[in-house]
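First comes the structure, then the notes that go with it.
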Amino acid sequence: MADKEAAFDDAVEERVINEEYKIWKKNTPFLYDLVMTHALEWPSLTAQWLPDVTRPEGKDFSIHRLVLGTHTSDEQNHLVIASVQLPNDDAQFDASHYDSEKGEFGGFGSVSGKIEIEIKINHEGEVNRARYMPQNPCIIATKTPSSDVLVFDYTKHPSKPDPSGECNPDLRLRGHQKEGYGLSWNPNLSGHLLSASDDHTICLWDISAVPKEGKVVDAKTIFTGHTAVVEDVSWHLLHESLFGSVADDQKLMIWDTRSNNTSKPSHSVDAHTAEVNCLSFNPYSEFILATGSADKTVALWDLRNLKLKLHSFESHKDEIFQVQWSPHNETILASSGTDRRLNVWDLSKIGEEQSPEDAEDGPPELLFIHGGHTAKISDFSWNPNEPWVICSVSEDNIMQVWQMAENIYNDEDPEGSVDPEGQGS
């Protein structure tokens, strides 16, 4: 009987999701300046824009690149580099360019040819997460279903993978006992990589160390303060020796690599009432960070007083798995997860007065809800070169590159502005 009920619930949910998606699609011309939807051959659990841009002469677009991965059923997995053509500001943009058949608009007839897979490198198992090294973006670290962290220099691999499926990383980083997701390169110390694991530990490697036989590098330090699965780890963006970690023990920990005690963080705080899945340091404000949790909230923290949670962002209907500050705006951050929504928040609007109708849609700091995904969002990335452009990937193979309409984040023009809550959500 329970099976029947579950099947009925699933069918109802699917219908609701489809209805919401239809509403979203109908409203996209008013809500977005850009929407590109691309179905990948396999779902990607990871997404990160590379920092370089090519601007071909005489064209109305620029070429950006993304690091992606695959999560196949039983076939060969790959680390993937894709290119994306984004229209320049002077490209033709208006709602009349909307193509309802293809579900995209904005100076583009179709996405075909605008998003291309450039490089595929054989990978052992699915790519849980892939992140490039800031000092040399050709170097990419990946988290695998095994305990190894792999490092690839993609310039040393053919763009078409060896059909044998052999995975040939340039380094294998050892130290974990289990798989995981968290991965962070030190922006201030070249080659220093942190990784979080289901084995309750955080490993630190220096990839400039001389590898042992088989291109293996052992962890330089293993941090053992958490008592459960460590979900995410992130270096501080200014202080080369500080990093943060979050775990299923509901804690946020701040560590200092200069300390000799690798089992005790410099700060530990009970951050949420459920597992903490992600964290992000603010790129403009050295004391501010955010954490996202299975308790459906994003929490805002100040390193100078971690006893006090600055704010709790509430609107998600389910677990949050990714949170990222905007690289261009100090007060903007985004979060995503199981509820198929990517929410963009604006700290500067916290506490603003709202009409009762607006309050029904969410708190004043909820700037935008991206409702284009019909499955759990696995990862997303803010484009470092084009403000307000985000790439998000979901479990149903869909990758979307999108930018909310300018009148939503530019308050200057109250005339003709669109209510940002028209999303199907």
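Each Cβ is built from the backbone N, Cα and C atoms, and glycine gets one as well.
Straight from Swiss-Prot, the features:
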type	residues	note
MOD_RES	ALA2	N-acetylalanine
MOD_RES	LYS4	N6-acetyllysine
MOD_RES	SER110	phosphoserine
MOD_RES	LYS160	N6-acetyllysine
MOD_RES	SER355	phosphoserine
REGION	2-132	region 'Interaction with ARMC12'
REPEAT	176-223	repeat 'WD 3'
REPEAT	225-270	repeat 'WD 4'
REPEAT	271-314	repeat 'WD 5'
REPEAT	372-404	repeat 'WD 7'
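Sequence features, as recorded in Swiss-Prot, placed on the structure.
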residue : record          : Cβ within 10 Å
ALA2    : N-acetylalanine : 6
LYS4    : N6-acetyllysine : 8
LYS160  : N6-acetyllysine : 9
SER355  : phosphoserine   : 7
Worksheet entry | Structural state census, the repeat 'WD 4' (225-270) (DSSP three-state) | 0 helix, 22 strand, 24 coil
Worksheet entry | Secondary structure content, the repeat 'WD 3' (176-223) (per DSSP, counts of residues) | 3 helix, 20 strand, 25 coil
Practice prompt. Sort the residues of the repeat 'WD 7' (372-404) into helix, strand and coil with DSSP and give the three counts.
Written response: 0 helix, 19 strand, 14 coil
Discussion item. Tell me the coarse DSSP state (helix, strand, coil) of LYS4 (N6-acetyllysine).
Written reply: helix
Discussion item. Can you tell me the CA-to-CA distance separating the residue listed as 'N-acetylalanine' and SER355 (phosphoserine), as a whole number of Å?
Written reply: 43
Worksheet item: Can you tell me how far the Cα of SER355 (phosphoserine) sits from the Cα of LYS4 (N6-acetyllysine), in Å?
Response: 43
Worksheet, complete the sentence: Taking every residue in the region 'Interaction with ARMC12' (2-132), the average pLDDT works out to 87
